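Report on one structure; see the data block that follows.
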Amino acid sequence: MSDTPVVRVVNLVKIYQTGGLPVPAVRGVDLTVEAGEFVAITGPSGSGKSTLVHMIGGLDTRSSGEIWLEGRRADTLSESGWAVLRREQIGFVFQFFNLVGNMTVADNVELPALLGGASPRHARERREYLLGELGLADRADAAPAQLSGGEQQRVALARALANQPRLLLADEPTGNLDSRNTRDVLRLLGRVHRQGQTIVLVTHDARVASMADRVVSLLDGQIVDDGAIPRVRRRPAGGAGDVVELRS
Amino acid sequence: MPRSAELRWIRADLRARRGQAGLTVLAVAGIVTALIVAATLLEGGTNPWRGLFERGHGAHIWIHSKDVPDVSALRGLPGVTDVAGPYRSAPATLATGGRRVPITLRETPAAFTSVARPLPREGRWLDPRAPDGVVVERSFARALGLRPGSPFTVTGLNGATHRLTVAGLAESGDQGFYPEWTPGLAWTLGQTLDVVEPAPGRTEAVTGLRLADPADTDLVVQRAVFTLRNQVQRVTTWREVRASMELDDRLLGLLLALFGVAGLVAAALALANAAGGRVLTQLRDIATLKSLGFTRGQVVRMLLAEHGTLGLLGIALGVLAARLVTAYAMGETVAVPLSAGPLAAIVAGTALAVLVAVLVPAWRGGRVPPLPAAPAAPPRGRLSRLARVALLVRLPPALVLGARDAFTRRTPAALTACGVALPMMLITIGLGCWATLDDFGRHPESVGQAAALSIRPGDMTAEEARQRVMADPDVVAAYPGAELDALVPWQTRTVRTRALGLSSDPYPFPVVEGRMFADRGEAVAGQGLLDLLGVRVGDRVRMTIGGTPLIVRIVGRVIEPEQDGEVLSFGLDSLAAKDALPPGFYALVLRPGADAAQVRARLQEQGLEVTRAVNPAERLAVVRVIIVALVVVLALIGLANLLTASALGLRDHVLDLAVLKAMGLTPRQVTATLVTAAGLPAAVGVVAGAAAGAFWSRALIDLEGRGSGVGAGIGRAPTPGMLAAALLIAIGAASLVALIPARRAARARVPVTAR
Ligand SMILES: Nc1ncnc2c1ncn2[C@@H]1O[C@H](COP(=O)(O)OP(=O)(O)OP(=O)(O)O)[C@@H](O)[C@H]1O
Ligand SMILES: [Mg+2]
């Protein structure tokens, strides 16, 4: 792991114009995420959490400020520049899973690899591996609508990890799940994190946030608290046998 | 560029909506088929030569020589694939019903030949057991009123007269139509020819050459003339034959172009609606794709490829279907497929329409922001105050809820209305064309054909002829007339002038602008002539007729269906006496309700040469076929649009349904609500489209009339009955189409969503 931070944002501002009225959603955020870090972003509803991660992933444009990914300036990229960057370096998991409805589970997971230029055979192998790891190998040919919420979110996670992104952005990935499914998804996130995956996770839920190395609290678009969580408070890790190689 | 991701998505999407994709392909294919069949019919109708020549395996070159030529030398010429004949041929004079007309008798074998084969149309072919039966070329027979079984006499060069009978009528791509091509032709057996023309020196030999490539015609003619030295008397080629058959009808062409454009608009509409509706339902998926790293360009390309492929597939299928239809279903009427030029125009035109139609939704899809949207809005369980009041006063709740829905969700309602209104407008314009054609047929006087018949005196004097026709009980008036070509300064060609009636008693021309001529030196003209000379009503025109200068003032514009409107009409008294007397023909106005064919037969028996006016509606008959085909296709497109719209509406309604049912509406009431919600905008669209169509059709047809030289003033709006029927059928069909998905939705279990 190099010394350059995976994410560095400097004085990031986002102001929406709604009906001529400026609505500041993010007001001058400075944030650095080192490689391998697991950062949780919390805060009350409307505090700008989603807006912040959307800007980091290039889904939304910034009003001012800088975004550096892997030491490269990203906020000046064009829309398609961002798209190419996303497909190679960023994986997204959303609250509503956002699987492509008319594609099978297998197609959904293979899509990013194909988009990244992998051969169909390689994409298939990668998909088989990921779905196997997430316990969904037998659902490969199902349509997303046939899966439960937890299963859908696990597929979405497999899809986000398909291209071995440097950065995984998750916006309330458990916001729509019951507690059992929440536990499953969090266990998976913990597993990929232990293998070195850099994760930025948005959540309301203090218990979810407690899984992270570091919790950033937002209020009214500004960081009000940024602190590492002491190791002891972290959720006890599973046994050594629990570690599964998710990065081929 | 990694295309496989795009292909994967396209494949998945097409698989998920096989039915809709199939419908789209069929709609485009239907339009292309209709256009190609129409163009094929038109080509065959305006230029029958191609079909006749192809079927009869005609000869491109005919060589008339004194003696039998060296056939093997001709056959050996490069480019010649086959030889017809040589056949002996002799001139004679035909006499029937008191008229004498030159005719060519041509020997032909009783068995059909492989090259230059006449195509029997009526009656029987030549039979050696009945040698006085001959087969007469059809257009010639028609002009003379000959039918199978009619007797007639021919007089040979030696003056001897022989009685022959018409065994049958035939057409041929080797003989032009009478009277453009004279003399008329009759095919006879060799033995019959020997009887009429016993002197061998008075017959000539005609030999036909069929070529591998028609473009070689001139070269082969030169070589043949050289090979046969001084024997050749004259040569005719396929070009002259074709020219004698071609019907140059600008109005027909323009009307067809109008329908072609309507068809293309319809194709574009069908695709735009299918693609647009699809993209609208997919915005969320597209946003997801973009969050995965699809660029805007990739999304646009992907959508273009998917929907464009469907369109192109439809075009290919349409071309194929048109080939099959013309070859099998219409094998009798259509001899040759559409030639390359119009076919290419249709294919390129639809391809362009497809591209434009798909571009807009694709561009819209490309602009979708990558932000993940939450799934469709949660149900709003509250009713407007208006709706609650309506429920209280016990209006049918379904109606109230449906209407509320139609007017609160304005964009989808507007889309539905437009998707129905456009096809409806085009259908109404088609009905307007139909009404116009009907009007041509029902009121021929309004297109300048007050006279159903015209006669030429022939052998008798003009006065004698006039007395004979006026004696007929069905003839109301006989206007003396003369048709002459006039030289106009600055024009390289002549224009047709028609002197008909007298200034004091003018023929009832349909004057639509200005007034009828009422004095010597006044004239009325068709739009085509005004355009040709660049003059307007009120201007003076100077011309030379038969060497005599004539100055006329154009006082009015008439509807002029002949000669593309390039005709000037005035009273016979405006002409110099040498040109006016005796009148060349009489135009006969018949008693209303009289049967022109019967009157014609009676007059022909009296030895008069009678021609029947050909109504433009007859020449435009092909347009009716096209109108029907287009109305069907347009109706299907309108319904498909509606189906897309109501499917889109239902998708947004799934959650509202729960509320409606929770409020205690029965399934039937839910169905009625949904049908009202989809049907109301559709009905608005139907009415608006019909109104726009009725408003525009007249102007549009008049525009066509003007462009074709016939002149504005022919357009008719659809009759109220037609319009009412169209409206009722359209609204009924729309409700039915809205009913299908609504019933299914109302019956379905209300989905319990976790969202
Ligand atoms: N597209 C938009 N247009 C205008 N204002 C917006 C838009 N998106 C978000 N906002 C506003 O920006 C602010 C921050 O929104 P954001 O979605 O980032 O909050 P959040 O912290 O993610 O909230 P939640 O926990 O509810 O998801 C809110 O006040 C919101 O109303
Ligand atoms: Mg949020």
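The backbone N, Cα and C atoms fix where each Cβ goes, and this holds for glycine too.
Per TrEMBL, the features are:
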DOMAIN    B:258-368  domain 'ABC3 transporter permease C-terminal'
DOMAIN    B:629-747  domain 'ABC3 transporter permease C-terminal'
TRANSMEM  B:20-42  transmembrane segment
TRANSMEM  B:251-272  transmembrane segment
TRANSMEM  B:310-331  transmembrane segment
TRANSMEM  B:343-363  transmembrane segment
TRANSMEM  B:413-437  transmembrane segment
TRANSMEM  B:625-650  transmembrane segment
TRANSMEM  B:671-697  transmembrane segment
TRANSMEM  B:717-740  transmembrane segment
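The stretch in B:20-42, B:251-272, B:310-331, B:413-437, B:671-697 that contributes the largest number of Cβ pairs under 8 Å to the transmembrane segment (B:343-363) is B:251-272.
Sequence-distant neighbours of the transmembrane segment (B:671-697) (same chain, 6+ residues past either end, Cβ-Cβ under 8 Å): 396-399, 401-403, 405-406, 413-414, 416-429, 431-433, 642, 645-646, 649-650, 653, 660, 665, 715-718, 723, 726-727, 730-731, 734-735, 738-739, 741-743, 745-746.
Per-residue pLDDT, averaged across the domain 'ABC3 transporter permease C-terminal' (B:258-368), gives 83.
Taken through DSSP, the domain 'ABC3 transporter permease C-terminal' (B:258-368) splits into 96 helix, 0 strand, 15 coil.
Across the domain 'ABC3 transporter permease C-terminal' (B:629-747), the DSSP tally of helix, strand and coil residues reads 104 helix, 0 strand, 15 coil.
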